[in-house]
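Listed in TrEMBL:
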type	residues	note
BINDING	His117, His119, Glu124, His169	Mn(2+) binding site
BINDING	His119, Glu124	oxalate binding site
DISULFID	Cys38-Cys55	disulfide bond
DOMAIN	69-223	domain 'Cupin type-1'
SIGNAL	1-28	signal peptide
Amino acid sequence: TNYITMSMWWFITSLVITAFICNFPAYAYDNNPLQDICVAVNDSQASVLVNGKICKDPKLATANDFYFSSLNFSRDVYPKYGIAVTIVGVKEMPGLNTLGISTSRVDIEPQSLFPFHTHPRATELITVLEGTLYVGFLVPDPVNFFKSRLFSKILNPGDVFVFPIGLIHFLYNVGHKKAVVFGSYNSQNPGLITIPSSIFASEPPIMDDILAKGFQLNKTEIAQLRKKFS
């Protein structure tokens, strides 16, 4: 009887501990934000847009809210970069709101680069439809945060590659014809931060002294970079 009682006690104790461990993370951090900034305000009349959008009355929803056309052709190319981007997020397809998913099409001209960038709210899964790309992402070194490890790969049509959430990555067309890539994101608003232009074309601008020290350059070189990325 004592053996059975002890066994039951350990069984119940294990269940309690397991339940605590499994449920504790739910209270350990906030949900991932779906907008770039959300400034707290002590105003009961202020609008609260936790996910950046207000839901439409379901009775007024139509099939067009869940539809997007023309992803089969390229948009206008950004001349400076040689890329064209078509985003299909919650802005373009309102029915995506709260579903945690979006997509995109990227066209990259030969020898052109999609600049170093991050998606702060989403992992990106790309599928190459046309062309040959050299892609990669950077993982911070856990021992020395001044260094990083590069994960890179040559991709051809039919290849799939993933960029983990928040990590800096790039896509470079190493072929002799246009490359076409479809991207999928686990967020309705993944966000996009292009590293060079975010730093050198900010408004208001970052002080030259700070940029010079940060990049170990002189002010003349900083001025040249500002001009390139403005």
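Cβ atoms here come from the backbone N, Cα and C positions, even for glycine.
Surrounding the centroid of the Cβ atoms of His117, His119, Glu124, His169, where the record places Mn(2+), the chain contributes additional residues within 8 Å, namely Thr118, Phe137, Phe163, Leu167, Ile168, Pro190, Leu192.
Averaged over the domain 'Cupin type-1' (69-223), the predicted model has a pLDDT of 95.
In this view, Cys55 (disulfide bond) is surrounded by 10 other Cβ atoms within 10 Å of its Cβ, with every protein chain counted.
Of the recorded residues, His117 (Mn(2+) binding site) and Cys55 (disulfide bond) place their C-alpha atoms 30 Å from one another. The two recorded residues Cys55 (disulfide bond) and His119 (Mn(2+) binding site) have their Cα atoms spaced 24 Å from each other. For His169 (Mn(2+) binding site), the same-chain residues 6+ apart in sequence whose C-beta sits under 8 angstroms from its C-beta are Phe116, His117, Thr118, Glu124, Val135, Gly136, Phe137, Leu138, Phe163. Considering other CB atoms within 10 Å as the measure, the emptiest surroundings among the binding-site residues His117, His119, Glu124 are those of His117.
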